[in-house]
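> Questions regarding the structure given below will be posed in turn.
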């Protein structure tokens, strides 16, 4: 119990290590400090703490502190091996010890409930509000068919990523999307293919949340404020953006992804709440006069094709969030006996069942109510205020806006967390120590207010939903298929091999077409680039 265990590594093909117990030191003194012997045996303290290669940075047992007498190359205690201790003590030395210092992997006590909260919060939100706009170009039949296909397709690729998260043969957990992309495509190619879409999905979503959240905060104030009692000097749109951003930055000081599980639960509840309230309120008011369901396909054949492709891009934009799947799963403990993919997939099934129950009624109910008259920029939420603002109770409108604000602040946290992780990893890589609390506060504040600056500078970002959908589509629908083919290497010409090749190639081709269509529609419709003029 008090001694040490020496694992002698043999150069032969034997797979079972020789275990030699040295027992306590003579005289009953304390056991010797574990050291890395060259070349063998390796001395490992009980309970089987793994020694990392000498090239890796020192990792303390506890955050920010070094315990005297410990080896400089001991990995964090919570980063336990994926399999049995003896087996992994020999092989599992590929973990990055800096994981103990970064927001994504700082805590690994997540569970299926946390996974459901995070997945639901990141999988449904403001992007769903523009789904009825896609139906104006596709019509009832093709709108429902393509929405169903997109939902099924992205659910399949999400399943692939959950399975790819941990590789027991190589003893590796891919805790971030870029890590999996590097393993599949190589470091250089992965930066070309995935770095920009992933960065935009995180940073671009935060900017869009500031625009929508700031506008909703302003509308909420105007609805609930009595002109006779409120201050006559109202805030400008820019100042409301600043109010929303400050609240989001203040909440972003929570240290890691597991610590915001409660925030994600609030975000999930509010997302389901305002989506349900918006489509029920719209349908309850009835169809507006002059509604039409004929697809808006005018102009040349080229214009019609690009409008249809742009509508498909809008549907693709509604299904973003795959860039957070691996990060969410990384917060869970994992072993060969209890792999993290089991609770993760349970949480995903629950969350996407709820997402299905929200997106389809929102798209179908919004199109039934407003038809071709639904605004292309704000979607069903803008239509509710434009067409039923006078008929709907002020209390209900105020509640919807308040819930949108709370959801925006909550969703900001989970989409900003990968960016916080990337910023802090730059510091820990260079300094070989955890990021101090004051620097963490500064970095997160700088990120939040940078997003605020871009949101104020370009408040018309919502008009590019189709183009954004085309850019982010490979991350969701194409890359996971190629990753499965490269890493898992299914047998050639089997159904799984054909399925992933077809979906991967189709996703890449569709992405190119959607980007071209998005650019064409933006130029053709003449989006008003009102720089530094938020409405």
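Note: Cβ is positioned from N, Cα and C throughout, glycine not excepted.
In TrEMBL, annotation is done automatically, which means it is predicted and not curated.
Per TrEMBL, the features are:
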COMPBIAS  9-24  compositional bias 'Polar residues'
DOMAIN    109-523  domain 'Amino acid transporter transmembrane'
REGION    1-38  region 'Disordered'
TRANSMEM  112-134  transmembrane segment
TRANSMEM  140-162  transmembrane segment
TRANSMEM  192-212  transmembrane segment
TRANSMEM  260-280  transmembrane segment
TRANSMEM  350-370  transmembrane segment
TRANSMEM  396-416  transmembrane segment
TRANSMEM  437-461  transmembrane segment
TRANSMEM  467-487  transmembrane segment
TRANSMEM  499-523  transmembrane segment
> So are the transmembrane segment (396-416) and the transmembrane segment (192-212) touching or not, going by 3+ C-beta pairs under 8 A with a sequence gap of 6 or more?
yes
> Using a threshold of three or more Cβ pairs below 8 Å, and leaving out pairs closer than 6 in sequence, do the transmembrane segment (350-370) and the transmembrane segment (192-212) count as in contact?
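No; fewer than 3 Cβ pairs under 8 Å.
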> Within this structure, do the transmembrane segment (467-487) and the transmembrane segment (350-370) have 3 or more Cβ pairs under 8 angstroms, counting pairs 6 or more apart in sequence?
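No, since the transmembrane segment (350-370) and the transmembrane segment (467-487) share fewer than 3 Cβ pairs closer than 8 Å, they do not count as touching.
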> What parts of the chain pack near the transmembrane segment (112-134), using Cβ distances under 8 Å and only residues at least 6 beyond its ends?
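Result: 143, 146-147, 208-209, 212, 257-258, 261-262, 264-265, 267-268, 271-272, 275, 278, 311-312, 314-315, 317-321, 324-325, 328-329, 331-332, 343-344, 346-348, 350-352, 354-355, 358-359, 362-363, 366-367, 370, 374-376, 378-381, 383, 404, 407-408, 410-411, 414-415, 462, 465.
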